[in-house]
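Taken from Swiss-Prot, the feature GTP binding site applies to 12, 13, 14, 25, 53, 70, 100, supported by sequence analysis. Positions annotated as Mg(2+) binding site by Swiss-Prot: 100.
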C-alpha cells in the first residue's frame, strides 16, 4: 500500500463559482464556518501535506496552507487546478478534493492509497453510479499528458482517462462524501439539515 505520508492533497478552490453568484465557494460560510474549513477538518487527520489551489482571494486562503493559482489563465476548470497541483506538490502522488464538499470521508486518503498499483496513473472515486472526477489521485508522470491535453484545449476529462492507466476507487458505501454545495439554495438547505 502507498503510504499516505507519500502523498500531497490539493483542495480545489480555483473555480469561478458561477452558480454561486461568483462568490468564492471555499470562503462562503456554512453555519458560520467557511466551506474550506470543513474540508480541512476532514483531511488534516489523514495527511499533513495539504495545499490549496485558488485563483482569487489567495491572501484569505493562505491562513489554511500553501496557496497557488492555475498556470493556464483561461479557467480550464478543475483540470487547471489539477495541472497546477501536479506542478507544485513535492510528492509523486497528488490527490485532489473540491472545496465545497463538507462530508469528505474520514478514510478517503487511505482508500486511495490502498488502491494504487504499479501501473496506476490516475485513481478516481466512484460512488456506485457515477465517477467523481474531482475526488482523485494522480501520479506526477501524468503531467506531460495533462499539459498537452490542456494546450490542445481539451476539457473532457474522460479523454485524459483514456490516455492514462486509470482505475476507480469504490465509495459506493458512502455517497454522502460527494455532497457538494453549488448554489445558495443548496447551501441554505444543507445548513438547515446540519443544524
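Quick reminder: no glycine exception, Cβ is built from N, Cα and C everywhere.
Annotated features, which come from Swiss-Prot, shown on the structure.
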residue	record	Cβ contacts under 8 Å, 6 or more apart
12	GTP binding site	53, 78, 81, 82, 85, 96, 97, 98, 99, 134
13	GTP binding site	24, 25, 26, 36, 52, 53, 54, 61, 98, 99
14	GTP binding site	53, 54, 55, 69, 70, 78, 80, 81, 84
**Asked** For residue 25 (GTP binding site), what is the tally of other C-beta atoms lying within 10 angstroms of its C-beta?
**Response** 23
**Fill in**
residue 12 (GTP binding site) falls, by three-state DSSP, under strand
**Neighbouring C-beta atoms (10 Å sphere around the C-beta of residue 53 (GTP binding site))** = 27
**Fill in**
Three-class DSSP assignment, residue 25 (GTP binding site), comes back as helix
**Asked** Considering the binding-site residues 70, 100, which residue's Cβ sits among the greatest number of other Cβ atoms within 10 Å?
**Response** 100
